[in-house]
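Below you'll find the structure, written out as structure tokens, and then a few comments.
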Amino acid sequence: MSLEIVILAAGQGTRMRSALPKVLHPIAGKPMLGHVIDCARQLQPERIHVVIGHGADLVRERMAADDLNFVLQAEQLGTGHAVAQALPFLSADQVLILYGDVPLIQLDTLQRLLAQVTPDQLSLLTVDMLDPTGYGRIVRDDQGAVQAIVEHKDATPAQRQIGEINTGILAVPGKRLADWLGRLSNDNAQGEYYLTDVIAMAVGDGLVVASAQPLDAMEVQGVNDRMQQAQLERHYQRLRAEELMRQGVTLLDPQRLDVRGEISVGRDVLIDVNVVLEGRVVIEDDVHIGPNCVIRDSVLRRGAVIKANSHLEGAELGEGSDAGPFARLRPGSVLGARAHVGNFVELKNARLGEGSKAGHLSYLGDAELGANCNIGAGTITCNYDGANKFRTELGDDVFIGSNNSLVAPLKIGDGATTAAGSTITHEVPAKNLAFGRARQKNLENWKRPEKIKK
């Protein structure tokens, strides 16, 4: 059967106390709405409709994609009214209704829910709670069949004792939806059009109301304030940490790892505490990552080592290479096999060949280094003249003395050496020694300045 999905994302989220629409607040570095959309896409629907209201322009701008149809709910008059805004666009056999502030919903749960939908049967997602205060209750008859959903504010004292609650997630036969939504009333405590009222209508029309429950109740936990956002963030991170450990990663403290993207890992990887992985990160076998590191959109080849307090973005570390402690590798940085950058070294769009080393206190930008080069402490590639950037190219086996300024554009040939303290402005041929500093002078009988007596 064909499927369309409606995601409700129009709410203001006043309890977040934020100018940012609630559905754009992040979980694991991604907007909550983005998590829901990604899960919805896995179901391969005909189309995904996103109902927007508060901050509509910003939500549309941030989440724009060819497979999304944004539908405006100008007034927030309830969930039933929100779904009704999408009715003109719906024609599928099944319609699944999701929520933009319920970011941890899982594919398996939705597949089980949809499997129960037929032309004469709808399915809703429920969960049992010890404290169901504030949630709509699932009312069943003596045979256990679902009869209705009663919102907390409208529930009787007896109904408020029910522990099974409505998550809001619902899958219905598409051809029935327009009729049910057209019959909704706002005669209730909140003066809103409740989507949940379609359950009683379906029962009255002779349909069967099936139900399913998630394997993990946190899947259907919504976010209404910063505390709930933090709770879901930690739960999400715990799940990702467990997933990594099942794949052969040693986490020295699973509670002190943050994963904010798509991570591919090999075996026998070790990750120390307070590590943040963002974007697309590939970690091959036997990689070690030290504490307090941030790694974004990078590739770490087999046996690479990232030492403490290092920051990598858009970088690639070759097999057996190492970086840090306190190294910064910016986009376009590549370390060849067994290359090394040490403490307080910054690379930007720079490639170090196999076995090359920059031990400490250096900046290498827009540079290409051959194999087995040695970069002395305090070396800087002067790659920017205030208007344009230029490259520095070193051959193999180049030795750069300490405290050098390499003024680009510049080429240094194989086996060349530069003296400590040099400013190199012209090409250095292979195997040459280049000096670029003032000659030392010694003044005899020099007397140090003395303090002026007051």
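Here the Cβ of each residue, glycine as well, is placed from N, Cα and C on the backbone.
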Kindly point out which candidate in Ser356, Ser402 is recorded by Swiss-Prot as part of the acetyl-CoA site with Ala377, Asn383, Tyr384, Ala420, Arg437. Ser402
Report, in whole Å, the straight Cα-to-Cα distance of Asn224 (Mg(2+) binding site) from Ala377 (acetyl-CoA binding site). 52
Please count the residues of the region 'Linker' (227-247) that DSSP assigns to helix (H, G, I), strand (E, B) and coil. 20 helix, 0 strand, 1 coil
Is Tyr384 (acetyl-CoA binding site) helix, strand or coil when read with DSSP? strand
Are there residues of the same chain, six or more positions away from Arg330 (UDP-N-acetyl-alpha-D-glucosamine binding site), whose CB falls under 8 angstroms from its CB, and which are they? Glu313, Gly314, Ala315, Glu346, Leu347, Lys348, Asn349
When a 10 Å sphere is centred on the Cβ of Tyr384 (acetyl-CoA binding site), how many other Cβ atoms does it contain? 12
Counting Cβ neighbours within 10 Å across all chains shown, tell me which of the binding-site residues Gly11, Gly78, Gly100 comes out on top. Gly100
Using a Cβ cut-off under 8 Å and a sequence separation of 6 or more, which residues in the same chain sit near Asn374 (UDP-N-acetyl-alpha-D-glucosamine binding site)? Ser356, Lys357, Val398, Phe399, Ile400
